[in-house]
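First the structure, in the form of structure tokens, and then the observations on it.
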Amino acid sequence: MEQSCEEEKEPEPQKNIQETKQVDDEDAELIFVGVEHVNEDAELIFVGVTSNSKPVVSNILNRVTPGSWSRRKKYDHLRKDTARKLQPKSHETVTSEAVTVLPASQLESRSTDSPIIIEPLSKPDYRNSSPQVVPNNSSELPSPLITFTDSLHHPVSTALSVGGINESPRVSKQLSTFEVNSINPKRAKLRDGIIEGNSSASFPSDTFHTMNTQQSTPSNNVHTSLSHVQNGAPFPAAFPKDNIHFKPINTNLDRANELAKTDILSLTSQNKTFDPKKENPIVLLSDFYYGQHKGEGQPEQKTHTTFKCLSCVKVLKNVKFMNHVKHHLEFEKQRNDSWENHTTCQHCHRQFPTPFQLQCHIENVHTAQEPSTVCKICELSFETDQVLLQHMKDHHKPGEMPYVCQVCHYRSSVFADVETHFRTCHENTKNLLCPFCLKIFKTATPYMCHYRGHWGKSAHQCSKCRLQFLTFKEKMEHKTQCHQMFKKPKQLEGLPPETKVTIQVSLEPLQPGSVDVASITVSTSDSEPSLPRSKSKISKKSH
């Protein structure tokens, strides 16, 4: 009889004297399975671990083997004696539950088919009427078990102790919900049912099911903890402080809610981690391509120099003399009644193929109050804003100011600004300005000869502005030196190279029926000034 008792007490007494380790390992992961508060009769609750292939059959709870009653009776007395020996004196006064939980490293090495037994620590007169759960294979007996013990004398407060395989004195430590979560910072936390962080579960593909009996004591001060792990995702469950009472959890509903929240969180994280393409800064065309430069800023000394006309022998000051010469040459040209008179613009002196095109040019460019589809540098009109923007991108640079006053180096993107500047700032001086190429003369005779040359000869028209030159060399020097970015727009200051900028004619569509605003995207690297060509190469080309 004694020999049979020794054979029967192999598995569980060894489990009760297992070593308990301090729960301070950073890699340890606590998995709370369930606690049962029993007043009279305790039932053994089997927590099944389903493998990847087949779930555990729950009929094992109802399995009855021959001689099981005698084994339970004998083992009950042995377990009571062992519990009395192992229980410290202070255990009667401490109102806590000792929960033995394996570290994560041991849980990972444990076979997925090993059972987990939850059993109460009973009084000496405690009667165990539930069937004993025996492992399937004898080789699994030494495998670590998770044991939940529960005090029946006092209100319950949770205490967790980590047990190891080797034998050592038992260490118990009361832990709050915050301490349990702070043991392993990698462990997932639940707040308001939303998963925070990634859970490093030991069984990513297994499913843990906890079967609890209905208790008559209601639960108070329930806190959220991790008691279920399904397919690697944690579920919120009740973690009590005073009384223990678990209700059945609708896993299907919780799973659906958890999946929906996970989808929302994944979309939010994608929006945060994904770096979307930033919107390009919007700059108006007038601010990006047009500008003015005041030059030296010092007014020229007034000399009140007079100039004598070679045709009518009139003596006039510089500005009036310039107007007088213009009227003389226009009158002479009109008397010839040539075809050029009907196709040349009297404002910009540009020639057009037909008089109709000349008339359209005058109406769109020189008579319109505020033309929106006109390039102010070229003084040419375009059909739409989009065509104008494309023209500006292909032919001009940001801050391009090709019209220069050669007296004080005043610059502008608009020819009329330079002409007005000369007539106001350089009036009554010794300088004469050519309206075709902005060249400066000091005497009347060379000025009138130069002026007649522009009328009589086929001038070299600059393809990027309205200026005309008598020689090809002068035209190329002008294009190389003046058609560059003279001043960087304020909107581009501080922007790194290769920055994309959106150019628009206006912020709102000008036409009532249109919805979209015409725009074009340019790179700041395209606006960098190019090196001017040497004069020697230009002179060779002119010959």
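Keep in mind that glycine also has a Cβ here, set from the backbone N, Cα and C atoms.
From Lys247, Lys488, the position flagged in Swiss-Prot as SUMO2 cross-link is Lys247. Lys261 is the residue among Lys261, Lys308, Lys376 that Swiss-Prot describes as SUMO2 cross-link.
Of the given residue ranges 55-78, 271-294, 343-366, Swiss-Prot assigns the label zinc finger to 343-366.
Per Swiss-Prot, the range carrying the annotation region 'Disordered' out of 154-179, 518-543 is 518-543. DSSP assignment over the zinc finger (432-454) gives 11 helix, 4 strand, 8 coil.
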